[in-house]
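The region 'Mediates recruitment to ER membranes' annotation in Swiss-Prot covers 10-14. Annotation source Swiss-Prot lists Mg(2+) binding site at ASP29, ASP70. The GDP binding site annotation in Swiss-Prot covers ASN30, ALA31, GLY32, LYS33, THR34, THR35, ASN129, LYS130, ASP132, ILE175 and is backed by similarity to another entry. If you look up Swiss-Prot, you'll see ASN30, GLY32, LYS33, THR34, THR35, ASN129, LYS130, ASP132, ILE175 marked as GTP binding site, on the strength of similarity to another entry.
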Amino acid sequence: MFMIDWFYGVLASLGLWQKEAKILFLGLDNAGKTTLLHMLKDERLVQHQPTQHPTSEELSIGKIKFKAFDLGGHQIARRVWKDYYAKVDAVVYLVDAYDKERFAESKKELDALLSDESLASVPFLILGNKIDIPYAASEDELRYHLGLSNFTTGKGKVNLTDSNVRPLEVFMCSIVRKMGYGEGFKWVSQYIK
């Protein structure tokens, strides 16, 4: 039994075996967190009521098996976000790219997350959702309004091992059209240890 455990341990350390991760889905209410979670879980698009209580799902994407927590985005739900920061491997922060009036509020919440010491080394995938709606913000516009124009790390494979730079990138997506978020998850998965 020891040899088998050792062998699987070696495979896992080389990134050749399935990784496990805890991922938080955060963002303001109506950004698409629950819709994304259900799309990833069983590829179904359903109208959802606003999330009132934290929910979790176990999912697999590629070689990563992860437990995803949808914590809700309304003001009362945001108070419990901090309770879930322990041992988190990545944060997926969704922004409604069409609802430009709430960009300042979304920036405020994102800034609070990015400045929280317990999340200092956690990779952040920021998804600008609802790009299928006419007049939704462009990626550059969203970066500007979130104050991220000079703070993202690049969409390719960037070696950040020896730096104190947190992986952080913006990807635009449309959950209802099933586009964009796959590239984002592929990007963030390379930083999940």
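Including glycine, each Cβ sits where the backbone N, Cα and C put it.
Among the binding-site residues ASP29, ASN30, GLY32, THR34, the residue whose Cα lies closest in space to that of LYS130 (GTP binding site) is GLY32. The binding-site residues under consideration are LYS33, LYS130. Their Cβ neighbour counts within 10 Å are lowest for LYS130.
Sequence-distant contacts of ASN129 (GDP binding site), defined by Cβ-Cβ distance under 8 angstroms and a gap of at least six in the same chain, are ALA31, GLY32, LEU36, LEU94, VAL95, ASP96, ALA97, CYS173, SER174, ILE175. For the GDP site, whose annotated binding residues are ASN30, ALA31, GLY32, LYS33, THR34, THR35, ASN129, LYS130, ASP132, ILE175, the maximal Cα to Cα separation is 18 Å. In the shown protein chains, 20 other C-beta atoms lie within 10 A of the C-beta of THR35 (GTP binding site). Counting other CB atoms no more than 10 Å from each candidate's CB, the binding-site residues ASN30, THR34 peak at THR34.
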